[in-house]
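**Student:** Sharing a structure, written as structure tokens. Questions coming.
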Amino acid sequence: MAEIRKLRNYINGEWVESKTDKYEDVVNPATKEVLCQVPISTREDIEYAAQTAAEAFKTWSKVAVPRRARILFNFQQLLTQHKEELAHLITIENGKNTKEALGEVGRGIENVEFAAGAPSLMMGDSLATIATDVEAANYRYPIGVVGGIAPFNFPMMVPCWMFPMAIALGNTFILKPSERTPLLTEKLVELFEKAGLPKGVFNVVYGAHDVVNGILEHPEIKAISFVGSKPVGEYVYKKGSENLKRVQSLTGAKNHTIVLNDANLEDTVTNIIGAAFGSAGERCMACAVVTVEEGIADEFMEKLVQKASEVKIGNGLDDGVFLGPVIREDNKKRTLGYIQKGIEEGARLVCDGRENVTDEGYFVGPTIFDNVTTDMTIWKDEIFAPVLSVIRVKNLKEAVEIANQSEFANGACLFTSNSNAIRYFRENIDAGMLGINLGVPAPMAFFPFSGWKSSFFGTLHANGKDSVDFYTRKKVVTARYPAPDFN
């Protein structure tokens, strides 16, 4: 039997062994094959990374912005050249199908492209005359060492909306990727190095609690970007803020989709199937609840269940597979527990994800509950799995009121051709990202990404202009030039 490879941290431009003696298996969730082992690193590892990044910041922050942008452009080119390999790594680590993995790679590349626009993004502004012979100018500067804590569900896209922008703007970076999906990160490092990145600018430390707390507490780390669950995200925001760091924390979701009587049902059902069961439901933009008007509810449910029954489940590397596994055995058990809870609390199970799935990996099939109510656990909790709840409503107003009862407010979608309904939805729904006649309202990199309420803690969102503000600080220079006598 071949020896399982143990991964190393990437610090100061080198792959270095962690100080830990604790390693965890990285498993292909579709086959249960052990791919490698990842170190559960120590505070000592974070200390080394933070000091390295702080030292590198002294020179990297002074590098001309166009030169930094050229390195990001080189990185974008290399990512594009290796997109199939990157997608393959995502599929074997995360489980999503090849098409979805390629889509994620594309979104990651898009974020790098946006970051490569740093010369424009870093520009300040000025006013030639604020008083007699006095002018003022506003300059942007990098903030320092930044820490990023990324989840397993988008191992390329999420880190790529963190470190490329931060680095392009002159910061140095320490990434803690998910210990469940480290191989993709290893490839990103390899390509970024080839793009010309100097030592110490980008560092990777694998791990769990000690690494997270090290990032939250180290005085050299000035800002933290987090994506993950609500309990951890709330802790990250509180602890980071307590230590006087700038923090953005993108957390849980329970996204509602509203279907009105005038919706094109074929198109609507196709979009909802993709939104609810794509990436095995393990995404913060997944459709978790559908509220459908009573007039079309029966027809909608018939089409929805039929479409769900046609979904091909299996290894994401196999042709035609749409739904891959959830990430680990614990996630599967948790999901099965929610299915049982839904039955016990009175929801009607119309598509049972426990049936017709193999035990070879951590598979759960498309699961649909009808006649769900807002007092049920499956409506309240973020399940993060291919489980969809359906509620029948009288009208749009009731649907919006139901959605607004959720503690989460990441995204919401509406299917209709009625412009008045669209306006009402836009003005009254509590959510940060809205979709009209589409299933997943994730915006492009140049728009901010994140929600409201318990889906986000902080003031500046990821991506868009918010990300530029998050990773920079401003310096205002007011200058007086006494009028010369040129006579």
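Each residue's number is its place along the chain shown, starting with 1.
Every residue gets a Cβ built from N, Cα and C, even glycine.
If you look up Swiss-Prot, you'll see ALA150, PHE152, LYS176, GLU179, ARG180, SER229, THR251, GLU382 marked as NAD(+) binding site. The active site, nucleophile feature in Swiss-Prot is assigned to CYS284.
Let's see these features in context: how buried, what's close, how far.
**Tutor:** DSSP assigns ALA150 (NAD(+) binding site) to coil in the three-state reduction, outside any helix or strand.
CYS284 (active site, nucleophile): 28 other CB atoms within 10 A of its CB, across all protein chains.
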**Student:** Roughly how many Å lie between the Cα atoms of ARG180 (NAD(+) binding site) and CYS284 (active site, nucleophile), rounded to a whole value?
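**Tutor:** It is 17 Å, counting Cα to Cα.
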**Student:** My understanding is the cutoff is Cβ-Cβ under 8 Å with a sequence separation of 6 or more in the same chain; which residues meet that for LYS176 (NAD(+) binding site)?
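**Tutor:** Result: GLY147, GLY148, ILE149, ALA150, VAL204, VAL205, TYR206, GLY207, VAL211, VAL212, ILE215.
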**Student:** Max Cα distance spanning ALA150, PHE152, LYS176, GLU179, ARG180, SER229, THR251, GLU382 (NAD(+) binders), Å?
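**Tutor:** Binding-site diameter by Cα atoms for NAD(+): 23 Å.
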**Student:** Quick one: among the binding-site residues SER229, THR251, which has the most Cβ atoms sitting within 10 Å of its own Cβ?
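**Tutor:** Comparing the binding-site residues SER229, THR251, the most crowded Cβ belongs to THR251.
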**Student:** May I ask for the distance between SER229 (NAD(+) binding site) and CYS284 (active site, nucleophile), taken between their Cα atoms and rounded to an integer number of Å?
**Tutor:** 9
